[in-house]
């Protein structure tokens, strides 16, 4: 099921990216896809019935206690995913805005001039635009990464129980819980890091458990891995795995198995590059080394340079501070709940894997060591660019699972009672996480004297107007500051909004961007230096010409 989700998540990008060049990406596109899906299943009734029966058979094979534990875990996951964080920077500043631009307009020339971060053009933000269900709830729901997190949890729980609590799979469960812990804000909110990290963790973990998957599933290890680059550019080194699979298929003269994944991946990449050029004037933003175009909407070079410096400073600065701080304040709890621990362990994993390969211990296929080398290259690339843990968490935990799997003996199992207790323990931790995540919204509703606030929590996520009210109160009490969201006329036909909130939050107001006078460090281009290219937002934006 997780395989199909990942393949579908990438396959849908081809028609979606193409249609986004001409029309908005919203519920009408979603309905079109759903209609095509219904037609597909009408013609493949037997296959649908076989799939449903297979799922039901797996469920029926579980005991009532295990079903209850899994159901509680999934319920906790689902509820946790409803409550986005209060004022995390990226979602509140440009993710929500980017998704709204995708929902309301076809791709806009020079949108990167309105706000340069919109030029990152992660395909996560494009695909999220058709799944917000804004038309249904009156506010957006960002559930794509939540759905993947839940499917991954189901897969790991099923693998663990079905293996009769093999220690290797219990370790996988522990590592996934830790990955979930460090990614929980991104899972409950928009995040361009979460889906690639979860996908990489799944792809490598399933390969460790089933090494033949590399040969049997070219769609996963060619098409999906290459497509993930359009979600997060940092994972480009993983395409070496795809090249290896292509080489092996060509060597075995399996050209049909090779051609479809390659052409599909090429379509995703080409359409993504076209969107990049329309939005920023560059093939890949903010990489200005490939500078081929001179459109009037092109983002200025100085903006690109400032953005790259900012990304490096934020990522590397946090890393440089974290390690000495970690060593100075090391305790039992910080050891297990600090990402620095797992970074150090991933470095140790490199030495363990190297030792195992040299000593030729175990029966791990040689190509699996190549996979680990690629993961290590990806980690080095991360260390050389922007060393923020959230960017590379999936790779780091996959490296840990690889090294641990080498050490553990195959088929070594734990007793059923102990296994059930461990799974129940992790389920309770997830449930507690849900309670903690929902507590802020719970208090926000109580303070507003809203009746039936528990029921409201279950069907209405933390809305933008409540965030705005709570933020205003927080700013006033904590920093003695107030903020405004001010209308600004770009020309006689177009009015946009500028927020003076210190982290750039727009609270559902659209179209909106930050005030460069207040946030020089993260607002790379003053909106007042930008003009509209016509009398409609769809015509796009460009830098004002000096007269």
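Backbone N, Cα and C atoms are what each Cβ position is placed from, and that goes for glycine too.
Feature annotation (TrEMBL): of 87-104, 105-122, 123-140, 141-158, the stretch labelled transmembrane segment is 141-158. Of the given residue ranges 313-335, 336-358, 451-473, TrEMBL assigns the label transmembrane segment to 336-358. Checked against TrEMBL, the range among 5-22, 293-310 recorded as transmembrane segment is 5-22. Range 420-442 is the one annotated as transmembrane segment, of 190-212, 420-442 (source: TrEMBL). A Cβ distance under 8 Å defines the sequence-distant neighbours of the transmembrane segment (389-408), meaning residues of its chain 6+ beyond its ends; these are 167-168, 171-172, 175-176, 178-179, 182-183, 186, 191, 193, 196-201, 204-205, 208, 232, 234-235, 315, 319, 339, 342-343, 345-346, 348-350, 352-353, 356, 361-362, 364, 368, 371-372, 375-376, 378-379, 382. Take the transmembrane segment (336-358) and the stretches 141-158, 170-188, 259-285: counting Cβ pairs under 8 Å, 170-188 has the most. Within its own chain, the transmembrane segment (170-188) has Cβ neighbours under 8 Å at 80-85, 88, 145-146, 149, 152-153, 156-157, 159-160, 194, 197-198, 201, 205, 209, 337, 339, 342, 389-390, 393-394, 397, 400-401, 404-405, 408, 414, 419, 422-423, 426, 429-430, 433, 437, counting only residues six or more beyond its boundaries.
For the domain 'DUF8201' (3-397), the model's average pLDDT works out to 89.
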